[in-house]
Protein chains: 2
Amino acid sequence: MTHTDDTKTPHLEVIPLGGMGEIGKNITAYRYEDEIMVVDAGLAFPDSHQMGIDLIIPRIDYLQQNAGMIRGWILTHGHEDHIGGLPYILPRLPKVPVYGAPLTLGLVREKLSEFGIKDHETDLREVDLNARFKIGKHFEIEYFRMTHSIPDNAGYILTTPAGRVLHTGDFKLDEHPADGQLSDLGRIEQAGKDGVLLLISDSTNAERPGRTPSEAEIAVNLEDVIANCKGRVFLTTFASQVNRIQNILNIAHRQSRRVIMEGRSMLKYAQVAQAVGHMNAPDPFLTNDEVGGMQDQQVLYICTGSQGQPMSVLSRLAFGNHAKIALRRGDSVILSSNPIPGNEEAVNLVINRLYEIGVDVYYPPAYRIHASGHGSQEELATVLNLARPKFFLPWHGEPRHQINHAKLAQTLPRPPKRTLIAKNGDVIRLSADEFKVTGTVPAGAVYVDGLGVGDIGDDVLLDRVNMSQEGILIMTAVLHPTPHVEVVSRGFVRANRDLDNQIRKVALDAIEQGTREKKRLEDVRDDMYGAVRRFVRKVTGRNPVLIPMIVD
Amino acid sequence: MTHTDDTKTPHLEVIPLGGMGEIGKNITAYRYEDEIMVVDAGLAFPDSHQMGIDLIIPRIDYLQQNAGMIRGWILTHGHEDHIGGLPYILPRLPKVPVYGAPLTLGLVREKLSEFGIKDHETDLREVDLNARFKIGKHFEIEYFRMTHSIPDNAGYILTTPAGRVLHTGDFKLDEHPADGQLSDLGRIEQAGKDGVLLLISDSTNAERPGRTPSEAEIAVNLEDVIANCKGRVFLTTFASQVNRIQNILNIAHRQSRRVIMEGRSMLKYAQVAQAVGHMNAPDPFLTNDEVGGMQDQQVLYICTGSQGQPMSVLSRLAFGNHAKIALRRGDSVILSSNPIPGNEEAVNLVINRLYEIGVDVYYPPAYRIHASGHGSQEELATVLNLARPKFFLPWHGEPRHQINHAKLAQTLPRPPKRTLIAKNGDVIRLSADEFKVTGTVPAGAVYVDGLGVGDIGDDVLLDRVNMSQEGILIMTAVLHPTPHVEVVSRGFVRANRDLDNQIRKVALDAIEQGTREKKRLEDVRDDMYGAVRRFVRKVTGRNPVLIPMIVD
């Protein structure tokens, strides 16, 4: 079923291709008549069943099929779940203007250049967070500033002949942001007065009561912790936490510690943020080679590894295999971060190793040194109250977050007339009096693994899961001159000659019986497969992936 | 290095074989001269790298090597991490008395019978929680009651010629336990006055400030939630939460709901708990077949699945594949539980599916309907203050928990003279003035998978991990009559004839060159392996597990 265009009422189609019913790989298309504009193109990280996958990007069949209609692209901010898919996606579509704020585009440029994509192959257009511009004939965009865990973060108002859409983008309402630049609630309120037909708002923390703590509170707590550290300090946070890192640079300056940045992504973000004026180091950064003569209490390392990534600086420090730095008693390690769901075990392992080394370790919740970048219920309510939308689309969340966001909206003085809990691929028809799903387009995950994009499907992942649980057993039957069977296994059981011999015999019996009965080769192979499967299950209680081969 | 016996001072050896530096598979041996007694024998669940493993039991080489010295065994309570290893371990050692409270032994009997172990093969001795008895010549045991998330939970005082050890067992200090039976703090205080040489105490929640909420508070909150449910209620919690389930039975009775127990383990625990008088259903349980004529608000299902286990009742309900029950709008699902680390993703999946069905879902932290069974810092401090030990061994925790427990002890008015952060296998020598690790014995994990116990080692697990990340590629080269190569893969890439052909050609080239050069068969095989590995890495960026076979 695809979208329909059967009426003449002016209507807009909102088509989430990623980030709806999930957290990650955000991308949304808007279509009005024969024009399409797109917002963001993010990536997602695999869950535990998507084994061996490096990352996931959204399917863009819909955009490819309608490539000629695409008039432009806007980016809300520079997080991976909003821009990480661009190097895979932009080259597959016609070159159109891509709008974004300075830091956002700085990070995009860096990313495209890593992929060998040349400047002239894209049309990046830097705008500020008050920019108003048109895309195609029908899309009028007004950016507005929203605070988040990265600077230059935008929401936008999209005005079309079918009505006005206000999309918050990712946000929290931080009253004391590190750069002093507040969310533009005035713009949301004005839009509310002018009339918002549809509000699309960030559902990430729709289950959390109250307000998300301000970045200012985190900075105060970090300064308390750092002030009490006697030796070297190693601090990790998300490399994209530019404002928090700015606060940490200021703290280091006040406490007479020089900062060393360690880890590729930490250096990259710092470089881009400095280039666009979002980071100003009060003292020049040092390299690790330059700290030789300094005292322990004069240095503060900011390093990668807040998610326990095995190759990160913090993991190498924790496991004692960093080439140049060895942790020791008296050092302090500060994790200004929480594990993202799925990373709990890796982070826990790092923390335990740090304790075993004997360093002092500081992390939430015992220390309130991290805050989410997404607003909690009071902040979500504020936006709903100001925007006063007719229709509401909870976005950037799994069903639990979307539905709690919807319930929250119903408790407010002016609840929306209708709320949709949408999924990726839904075609949502929007006009002055319509707000409903009228069809679907292809949407879902494209797996990126090594150099392959899309060459791994769910069948391949299922094999990986099966092999990970039970191992694999390969039987090669050679029929001539004398039938015999070779058995090789991986991940099945510890080398066991007796068991191998038994399996060989079971397989050989099946082969010999089949050949005596002059069965076809495929049937002989199936007989061997079945006999070995039953035998293995009976003797070991397991079901390895079985591969039977016959060499005639 | 093994333990040494080189002095004549009376000394006790404390030998943790599981549960020290980890949470799970608790087992501790004590040795005095030529006598050994053992405490508990639990199991643990695999982490994400121990793929396909069903469960983990402790290595007991030390006990097997010194089997003739074992005089008896005591059990602290009926949780799997304390008794789950018994069916694997008891049959491998001489029959000795095994002491435990009624519920604990009831659960042990059930477990042994599932494994086909006959009553006469073990010597289970039921005692109450004030029991005093001797094991061997030198071990005097006094049980005392401690509140926890299962009834009949014991700590114990072990008196030996070398001094007195007080082991809390797992505990929280619940001032309002469901069965009204308080922790015996008087016994701990008396021991403290008599002199505790060593305290071994539960470190699980050593990082949590304050007190763990009482079970009574949970019951009040559960009653609030259930009272507001209009339709059917489906509640899940740990099946071993006997006291909480008793509270829920009482709530159901007050609210005129009849209870249906669903799920094998829920029924098993209820049956054992009823048999020993720890559960009294105010109304008889119904079966699902008997609720036909009842109204929705008259039923309350208590079901398995609090950890998102795929075959549990709640998962089958959430995914719509329960044979007899289908959830529908108007139903309420209550999760009186938190995910155990590692189960977050599975539980999240179930919760999202429940939202998608449209049922109302209640779970922590939005609803305070679960509390840990382990005490927080204030409770740990209370025990330390009462026991006033000379030496302290934080147990039942990972290094982060042990070390925070140790730090907590140092903040108290009478800190221990020495604290050890021990590991499984450490031989800890204890006498009036000694408390140190003097050696190690083998300790670690035995993997149970299917029918196999110990037939999977770390090499097998490494193969599983590698195959899960990269898949496997099997090349079979047949040399006669004409050399040709078959390629089969699983979990590598989606079926791709071109790539298969290229790989075949690369392999065949290597084979033909090798045979031309009259290399040995192993060398030809290695050449094929190397050539294919390089080619696959270059073309796909991946490193599948490669299996080269040659049929001559």
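Placed from the backbone N, Cα and C atoms, the Cβ positions cover glycine too.
Heads up, TrEMBL stuff is auto-annotated, nobody curated it.
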Can you tell which of B:D426, B:D433, B:D449 TrEMBL lists as binding Ca(2+) with B:G52, B:D54? B:D449
Additional site residue, B:H148, B:H176, B:H405 [criterion: listed by TrEMBL with B:H77, B:D81, B:H82, B:D170, B:H396 for Zn(2+) 1]: B:H148
If you count the other CB atoms within 10 A of the CB of B:H396 (Zn(2+) 1 binding site), including all protein chains displayed, you should get 30
Taking the Cα atoms as reference points, how far is B:H370 (substrate binding site) from B:D202 (active site, proton donor) in Å? 19
Among B:G52, B:D54, B:D449, which are recorded as binding-site residues, the nearest neighbour of B:H374 (substrate binding site) by Cα: B:D54
Cross-chain proximity of recorded positions to A (CB under 8 Å), evaluated over B:D81, B:D202, B:S372, B:D449: B:D449
Sort out for me which one of B:H79, B:H82 has the most neighbouring CB atoms within 10 A, since those are the binding-site residues we care about. B:H82
Count the other Cβ atoms sitting within 10 Å of the Cβ of B:A371 (substrate binding site), across every protein chain shown. 22
Just how many other Cβ atoms lie inside 10 Å of the Cβ on B:D81 (Zn(2+) 1 binding site)? 22
Integer mean pLDDT for the domain 'Metallo-beta-lactamase' (B:24-222): 97
Cα-to-Cα gap, B:H82 (Zn(2+) 1 binding site) vs B:D202 (active site, proton donor), nearest whole Å: 13
